[in-house]
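Working notes for the structure below.
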Amino acid sequence: MQASQVRSLTCLVCRTHHRAVQTTRQSPIIRHASSEASRQAMIDKIIRVDHAGEVGADRIYAGQMAVLGKTSVGPIIQEMWDQEKHHRATFERLIPEHRVRPTALLPIWNIAGFALGAGTALLGKEGAMACTVAVEESIGGHYNSQIRELLEDDPEKHAELLKIIKQFRDEELEHLDTGLEHDAEQAPMYSALSTVIKTGCSAAIWLSERI
């Protein structure tokens with residue numbers, strides 16, 4: 001190999017090494033920025049979908065109360081509805097605090113939630129409670145998934161959100177138990193009704209995370 005070729009090869013190796021060193025030096029910053037962007041995207045998704053879910057739940061109980069509010073089960077539905085109003089208000093506070101864009105599907109969930117609540121309540125107390133069980137089981141499971149995601153990322157950074165979601169998860173599961181205690185499983189076509197509602201909830205969650 002000629003001397004000029006050796007010098008050229010040496011220069012090429014040096015330049016490559018220099019770029020590699022520069023990339024290595026910059027990579028922690030790049031990784032940090034990427035991590036923060038990923039974390040913010042996760043928070044956006046969680047708050048957006050939870051806000052949508054609580055709007056839907058609020059309207060479901062509003063629909064149930066419109067039909068069954070003056071019956072013996074009215075006070076029980078009202079108690080659960082009051083908790084859902086608090087859940088909704090909390091996420092409506094978190095939306096601007098975290099600069100999260102709400103889902104564009106909120107008008108649909110407003111109408112669909114009320115229609116679902118009123119429609120199942122027309123089947124009687126059992127139908128309303130069957131709806132409650134199916135919806136709260138879906139929401140409780142979804143909250144559990146979010147809790148795991150936040151814990152895996154950074155429990156200290158997400159302490160406030162974790163506290164909120166854990167509390168709301170527990171209250172949603174209490175609603176599920178209330179529904180079972182008040183004859184949800186005696187609703188007409190309970191199994192089919194439950195499956196349809198859970199499928200709808202899963203679809204609503206998927207769409208609200210993305211739109």
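For all residues, glycine too, the Cβ spot is worked out from N, Cα and C.
Feature annotation from TrEMBL assigns Fe cation 1 binding site to E54, E84, H87, E172. If you look up TrEMBL, you'll see E84, E136, E172, H175 marked as Fe cation 2 binding site.
Taking the features listed in TrEMBL, we show where each one sits on the structure.
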residue: E54; record: Fe cation 1 binding site; Cβ within 10 Å: 23
residue: E84; record: Fe cation 1 binding site; Cβ within 10 Å: 23
residue: H87; record: Fe cation 1 binding site; Cβ within 10 Å: 23
residue: E136; record: Fe cation 2 binding site; Cβ within 10 Å: 24
residue: E172; record: Fe cation 1 binding site; Cβ within 10 Å: 26
residue: H175; record: Fe cation 2 binding site; Cβ within 10 Å: 26
**Report entry** Those binding-site residues, out of E54, E84, H87, that come within 10 angstroms of E136 (Fe cation 2 binding site) at the Cα
**Finding:** none
Report task. Report the residues of the chain - excluding E84, E136, E172, H175 - with C-beta within 8 Å of the mean position of the site's C-beta atoms, for the recorded Fe cation 2 site, in sequence order. Result -> A57, M80, Q83, T132, V135, I139, G140, E171, L173, E174, L176
Report summary line: Rounded Cα distance, in Å, between H175 (Fe cation 2 binding site) and E54 (Fe cation 1 binding site) is 14
